[in-house]
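Feature annotations, reproduced from TrEMBL:
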{"type": "ACT_SITE", "residues": "99", "note": "active site, proton donor"}
{"type": "BINDING", "residues": "86, 87, 88, 89, 90, 91, 92", "note": "substrate binding site"}
{"type": "BINDING", "residues": "97, 131, 134", "note": "Zn(2+) binding site"}
{"type": "DOMAIN", "residues": "45-172", "note": "domain 'CMP/dCMP-type deaminase'"}
{"type": "REGION", "residues": "1-23", "note": "region 'Disordered'"}
């Protein structure tokens, strides 16, 4: 749980805003085109859509054991949004987190460059943060992209993945040996 927002940027999204929901894997916003880097932060309607899609994904969570639903929405460099939820299993270690579900869905559709991810949960007074395993999986695809950490009341903070996983190990480190 993130108790100190540090250098994070903060904001609020409209809770319950009624906008049309695009089909899975599709975005209602215009694609940004290839070549967009992680440092280009989503704004306006695209940001609101990303935040809404993570809340909507949370409603699909399968979490009969923890009763801790989590939703994530991932914005690709091309402007598409892929959502995911946590899926638990009676054999606990076989469950998967929302963040990894969204990443796997995007990869299965040919996307490997990401700009941002938003995460939602029912934690009332704390911002939801990705677990260590999810941070490492996210890091596989770069460290300069935004992660929106939300609360149910509509507040959020945004951090760079590099801030959530400092001194990280990534694919480029394999070339140093």
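For all residues, glycine too, the Cβ spot is worked out from N, Cα and C.
Note: the domain 'CMP/dCMP-type deaminase' (45-172) comprises 42 helix, 35 strand, 51 coil (DSSP; helix = H, G, I, strand = E, B). If you measure from the Cα atom of residue 90 (substrate binding site) to that of residue 134 (Zn(2+) binding site), you get 20 Å. Cα-Cα distance from residue 131 (Zn(2+) binding site) to residue 92 (substrate binding site): 15 Å (rounded to the nearest whole number). Taking each Cβ in turn and tallying the other Cβ atoms within 10 Å, the top scorer among the binding-site residues 90, 97, 131, 134 is 134.
With the fewest other C-beta atoms within 10 Å around its C-beta, 91 stands out among the binding-site residues 87, 91.
One way to see the shell of the substrate site is to take the Cβ centroid of 86, 87, 88, 89, 90, 91, 92; the remaining same-chain residues with a Cβ within 8 Å of it are 62, 65, 94, 95, 96. Per-residue pLDDT, averaged across the domain 'CMP/dCMP-type deaminase' (45-172), gives 97.
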